[in-house]
Structure formats: structure tokens, C-alpha cells
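Structure first, then comments.
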């Protein structure tokens with residue numbers, strides 16, 4: 001996740017109190033919460049007591065007198081670096097102290113009282129699931145509530161996640177982000193104040209081998225089936241006419257497992273597809289459609305002759321990647337804290353091993369660049385878990401201080417309608433992919449600047465590449 005503090009505000013205290021400076025914390029370019037310096041100082045003290053001062057990043061010191069505008073800007077930059085460093089630290093960033101602070105701050109900023117509400121969660125096929133939750137319930141609480149409503153077993157909950165999406169006019173989903181442990185889903189979706197934004201349940205893993213675990217259960221099987229049919233209908237999974245005929249026959253027979261077995265062999269099965277964007281590969285300002293899955297990023301582009309081409313970039317051949325953001329200022333203006341800021345431009349850049357001795361940077365410019373980066377990192381994490389012989393099943397945190405009463409009614413996952421005929425142009429897809437090797441890193445840049453070498457962090461997945469891999 002990309003944390004930033006792009007702006008500050010001068011606000012009046014409660015009941016006419018003295019004015020203070022508020023720091024607006026953004027996550028992936030969207031306002032998450034508004035906090036005072038004293039609140040962040042309190043968070044630092046809590047982390048220091050719990051983990052010790054040695055592990056904490058540098059924090060801007062207190063000042064005896066009121067800050068000048070230049071000092072406010074300097075403190076903003078220092079606090080931004082502090083929040084980014086804490087979030088990227090495996091220990092601090094995953095701590096309940098840090099995450100609960102962000103949840104409380106989000107709720108306070110949006111002024112949402114704690115109360116029981118009905119929250120709508122969509123399945124991949126558009127089916128609605130209504131769950132009773134508290135406005136203060138975190139992401140895992142809501143995920144558990146959805147699983148309970150669907151009768152999905154506890155040991156399969158970790159195979160699914162909640163995603164914030166924007167529903168487009170044609171009914172397709174544009175992925176905004178995967179909901180995280182530091183946010184409150186009800187507050188996150190309602191604070192956007194638009195009916196376009198929805199919460200969707202999808203599987204959270206990339207390796208189709210894990211499908212076997214999910215398919216053992218009736219509800220898990222239905223969820224995978226519904227997602228796969230939906231992805232095929234949207235053109236996210238590439239299907240030839242003959243494959244489409246076989247799938248339709250299996251669907252008519254309600255042979256869900258056989259349907260999924262065939263779907264697993266199809267190109268882009270289990271991928272997330274992003275909105276059309278621009279890349280500098282194979283040439284500058286090239287319009288592409290990016291998909292993530294199966295340990296790779298796929299870039300589809302249409303050549304002048306209307307033929308579709310695809311370039312596949314294996315995550316294990318990416319030496320590093322970074323996300324950078326820039327905010328263009330109006331022509332002739334100068335930088336001023338919190339003023340004159342335009343729309344944020346996001347870029348994902350990765351250094352790719354094109355051949356044994358040749359590395360090349362590939363840059364994708366997209367509002368969804370951070371989501372793409374998160375997908376890359378989760379694919380690396382999954383590869384490392386599998387390499388170490390681990391499992392993606394996880395122990396779920398249980399509520400402290402009581403449970404929220406859930407409805408006992410169950411909602412079956414309906415079978416989707418029969419598949420429509422595939423687009424004939426999909427058969428002209430030509431794949432340009434590379435063999436597997438093993439390199440991966442991650443990094444993220446500061447707002448308004450290019451990432452420097454210090455922004456790129458190592459990953460234990462590095463194994464090198466040999467002649468046989470090329």
C-alpha cells in the first residue's frame with residue numbers, strides 16, 4: 001500500500017479552541033484519515049513501548065513555538081517518510097497498534113458513529129450478499145461475516161479477500177484495491193459517496209493448485225465456478241470457439257468441477273484485469289491492457305493490423321520494481337503546501353531480465369499502478385510460501401470482548417447464466433512469453449519524486465538465472 005501525506009490543513013479546535021495543523025494521510029491516493037501531530041506522536045510512543053526505540057524510524061521532534069509555513073512543510077515531509085517506513089516494516093506495519101490507530105483515525109475523520117448496519121457485498125457474478133456488521137468492523141470481521149452468511153468453512157476464509165471496486169456503466173469492475181487490515185470496509189466504501197463503488201468477494205490466491213482445497217467444499221466450489229464464468233463472459237479469460245463449446249456443454253450438464261478443470265488450462269485463468277493504460281513497451285506511449293496472474297504481468301496490445309499481441313513478464317525475472325507518483329502543477333505556478341495540486345500521475349516501473357546479461361526498465365502509467373504493485377508482491381509472497389512448503393491457510397483473529405450476532409440464514413451461490421459466444425478476435429492472440437527464472441524485489445517511491453536506489457528493497461526469492469533458462 002502507498003502511504004502519503006500530500007497536504008496539510010489549518011483547522012479550528014472543538015468548541016472554538018485554538019487552531020491546529022491537520023495532516024491528511026492518503027492511502028493509494030485517497031484520503032484515509034486526518035490527524036494531528038500529537039496523535040502521531042502518541043502512536044510513536046505506543047510503538048516505542050511495545051517494540052523499543054531502536055526499531056523505530058526517525059520522527060520529527062516537538063517544537064516549543066508555532067511553526068512557520070516552511071517548518072510545517074518540513075514536518076509534513078518527515079511525517080510522510082515516518083508513516084511509509086513504519087508501514088513497510090514487517091513487524092511495525094502489521095502490528096495491531098499501528099493498524100488500530102489507522103482504523104480509529106479513519107472512523108473519527110469520517111465522523112461515523114459505531115452502530116450496526118447492513119453492508120452489501122457482491123460476488124463476482126454480481127450476486128448480492130447482505131451482512132449485518134458494525135461500522136467499526138475491520139476487514140477481517142466483514143470477511144468472516146460474509147463467509148458465515150454463505151456457509152463457507154472457517155478453514156477456507158483465507159483463500160478469499162474483499163476488494164474495493166468501481167462498477168462501470170457496462171457492469172464491469174475496475175479494481176481500486178484489496179481491502180486491508182487497517183481500514184473499516186463500511187467506512188471505506190461509504191466515504192467515497194458514490195454508488196459506483198462496491199465491495200466484491202474474490203479468491204485471494206494466484207496458484208490454481210490451491211483450487212483443489214477450495215473445490216472440496218460445496219460453497220467454495222460454487223464461488224470459484226461463479227467467478228470463472230463471470231471472468232470468461234467479461235473476456236478476462238481467453239477462450240477459443242472450440243474451448244467455448246466444451247465449456248458451454250459442461251455448464252449445461254452442471255459439471256462444475258469438470259468446467260473448472262478445463263478453465264484452469266485456459267490463458268489468463270485466475271488473472272486480475274486492469275483498465276486500459278499506457279506503457280513504454282514495446283514502444284513509447286503504447287496503449288495496453290494489463291492483467292496479473294500466474295506469477296506474471298501480461299501486456300496486451302493491438303498492432304496497426306488489428307492483430308492482438310501479448311507480452312508476458314514473469315515476476316521471477318523482475319530484479320526490482322517501484323511505484324512513483326507525481327503531481328503536475330498548473331503552468332507558471334510554484335509549489336505551495338496543500339495548494340495548486342493537480343491529479344496524481346502514478347507509474348509502475350520494473351527492471352526486467354530480458355536476456356542473461358540485459359536488464360531493461362519497463363514503465364506502465366496507470367491510476368491502478370499501486371494495485372498492480374500489490375499484485376506483484378502478493379505473487380512473490382505466495383511463491384515464497386510455496387517454496388518453503390507452507391500453506392496459505394491462516395489463523396483468523398477472533399473478536400475481543402464478545403461477538404456480533406449473525407443471521408443464521410444462508411444464501412446459496414446461484415449458478416451463472418450460460419456463456420455468451422466468445423469474441424472472434426480472441427483467437428488471433430499471439431503469446432510472446434519467456435521461461436521461468438527466479439528474481440524479485442519491491443520498492444515504492446515518495447510522492448512527487450522518482451524513487452531512488454534506497455527505495456528498492458531486497459527479497460529472498462533471488463536465485464539467479466542460468467543459460468538453460470534463456
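Here the Cβ of each residue, glycine as well, is placed from N, Cα and C on the backbone.
Over in Swiss-Prot, the protein carries these features:
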- 1-109: domain 'PX' (DOMAIN)
- 115-206: domain 'Ras-associating' (DOMAIN)
- 336: phosphoserine (MOD_RES)
- 407: phosphoserine (MOD_RES)
- 409: phosphoserine (MOD_RES)
- 415: phosphoserine (MOD_RES)
- 421: phosphoserine (MOD_RES)
- 437: phosphoserine (MOD_RES)
- 440: phosphoserine (MOD_RES)
- 115-432: region 'FERM-like' (REGION)
- 270-432: region 'PTB-like F3 module' (REGION)
- 400-425: region 'Disordered' (REGION)
Helix-strand-coil residue split for the domain 'PX' (1-109), DSSP-based: 55 helix, 24 strand, 30 coil
Residues in the domain 'Ras-associating' (115-206) grouped by DSSP into helix, strand and remaining coil: 24 helix, 35 strand, 33 coil
Averaged pLDDT score, the region 'PTB-like F3 module' (270-432): 74
